[in-house]
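According to Swiss-Prot, the features are:
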| type | residues | note |
| --- | --- | --- |
| BINDING | Thr10, Gly11, Ser12, Val13, Asn38, Asn119, Glu121, Gly199 | NADPH binding site |
| BINDING | Lys120, Ser146, Glu147, Ser170, His193, Ser206, Asn211, Lys212, Glu215 | 1-deoxy-D-xylulose 5-phosphate binding site |
| BINDING | Asp145, Glu147, Glu215 | Mn(2+) binding site |
Amino acid sequence: MKKVSVLGSTGSVGKKTVDLLSKRKEEYQVEALSAHSNFALLAHQAKLLNAKYVAISDERLYKDLKESLLGTDVKIAIGATNIATIPVDLSVVAIVGIAGLGPVMEVIESGTKVIALANKESIVCGGKLLLKKAKEKNVQIIPIDSEHNAIFQILQNDDKCVEKIILTASGGPFLNYSLEQLRNVMVDKALSHPTWNMGKKISVDSATMMNKALEIIEAHNLFNISPDKIEAIVHPESIVHGIVTYKDGFNFAVLAETDMAIPISYALSGPERSALNRKLDLTKQGKLTFQEPDHKRFPALKLSMAVLNSSAPQTNSIVLNAANEIAVNEFLKSRIGFLKIVEVVESTMESFGSYTDINSLSDIINIDYESRIIAHKIVESKVVAYS
């Protein structure tokens with residue numbers, strides 16, 4: 001029986017993971033679960049999976065969680081970091097944003113063998129520091145993002161003579177919008193993704209294509225491949241998740257339905273494969289289309305290459321991620337327009353002046369903190385409130 005933990009169990013990926021685990025109780029013993037604020041769902045999940053530990057990040061909800069778990073033996077902590085130290089065979093980390101970095105580092109130190117990682121920000125911002133620590137501790141990182149999971153599976157079979165890797169992007173809900181239409185995008189439209197069911201933040205990132213910018217940086221770090229060998233193409237059907245092109249001209253691609261249960265299941269069971277109901281039928285799919293991204297309407301992609309080709313790629317990765325988290329949050333509150341999201345990110349990157357060597361988690365946190373201050377100032381002073 002595998003011992004597992006799920007950090008961020010009440011988000012979209014976390015809920016999918018819990019659903020899979022609930023159907024495979026004979027295979028997995030759930031040691032720990034964590035959530036930011038959804039104490040009611042966390043308590044339900046803990047009872048469903050017979051979890052030994054739970055953690056809530058919002059300490060104001062500790063009493064509510066405790067009351068919800070009365071009559072059980074579940075131990076309660078505050079903050080995912082406090083249960084990330086529990087050694088397990090596999091830890092699923094599905095916390096959203098930079099908040100996941102600390103817990104990931106703790107999981108690496110805990111003696112856990114495998115991390116199934118849905119938190120791309122950890123790889124984007126943690127970079128070499130995180131991956132070096134994982135290598136020292138002999139911790140395998142399996143990405144859950146469908147694109148990186150696809151590339152991971154292909155490279156597991158053959159990582160020699162790679163010419164390039166191709167990440168596919170759905171293009172989001174505004175793929176065919178004009179610039180004028182993009183200026184008037186409302187929040188509810190940005191949250192309506194055509195092919196994936198995701199949380200608010202990643203839905204907006206997909207709409208701006210900032211998600212793909214972050215994924216390019218993630219791919220560079222995770223697969224140790226140079227930026228000029230990473231390409232992103234638009235594939236609206238989201239059936240082809242990743243492609244690896246080899247020097248002899250052969251291309252290996254992973255095709256699957258748009259269901260996060262598929263990469264999650266692989267991460268849980270790999271290298272074995274567990275049966276799932278959703279199977280791809282290409283005859284019913286009809287056509288698969290591919291196109292170049294439009295950088296004028298979706299300039300976020302260029303920022304990823306600017307970051308990776310800069311003199312301080314890790315610092316700039318942290319700045320980009322922090323500014324984007326601030327800008328997306330302001331958009332979700334309808335304080336700035338859709339096109340202003342990338343503008344805030346770009347302005348923050350231009351305004352950030354102090355570049356330091358990154359030798360610790362504290363260095364990353366400090367850069368992230370300073371970037372957020374700059375991004376907030378840019379929002380307040382340069383961006384007209386959206387209405």
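Cβ from N, Cα, C; glycine included.
Note that the structure is a prediction, hence the values are computed from the model and not measured.
The structure, with features from Swiss-Prot marked on it.
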residue	record	DSSP class
Gly11	NADPH binding site	coil
Asn119	NADPH binding site	coil
Asp145	Mn(2+) binding site	coil
His193	1-deoxy-D-xylulose 5-phosphate binding site	coil
Gly199	NADPH binding site	coil
Asn211	1-deoxy-D-xylulose 5-phosphate binding site	helix
Proximal residue to Asp145 (Mn(2+) binding site) among binding-site residues Thr10, Val13, Gly199 (C-alpha distance): Val13
In Å, rounded, how far does the Cα of Gly11 (NADPH binding site) sit from the Cα of Lys120 (1-deoxy-D-xylulose 5-phosphate binding site)? 15
Given that the record lists Thr10, Gly11, Ser12, Val13, Asn38, Asn119, Glu121, Gly199 as binding NADPH, what is the largest C-alpha to C-alpha distance among them, in Å? 22
Using the Cβ center of Asp145, Glu147, Glu215 as the Mn(2+) site position, which other residues in that chain lie within 8 Å, going by their Cβ? Lys120, Pro143, Ser146, His148, Asn149, Leu167, Asn211, Lys212, Glu218, Ala219, Gly242
Cα of Glu121 (NADPH binding site) to Cα of Glu215 (1-deoxy-D-xylulose 5-phosphate binding site), in Å and rounded, measures 9
Do you know which of the binding-site residues Thr10, Asn119, Asn211 has the most other C-beta atoms within 10 angstroms of its C-beta? Asn119
Could you check which of the binding-site residues Lys120, His193, Glu215 is the closest Cα neighbour of Thr10 (NADPH binding site)? Lys120
Please report how many Å separate the Cα atom of His193 (1-deoxy-D-xylulose 5-phosphate binding site) from that of Asn119 (NADPH binding site), as a whole number. 19
Reported as an integer number of Å, what is the Cα distance between Gly199 (NADPH binding site) and Lys120 (1-deoxy-D-xylulose 5-phosphate binding site)? 14
Here the 10 Å Cβ neighbour count for Glu147 (1-deoxy-D-xylulose 5-phosphate binding site) comes out at 28
Separation of alpha carbons, Asn211 (1-deoxy-D-xylulose 5-phosphate binding site) and Asn38 (NADPH binding site) (Å): 25
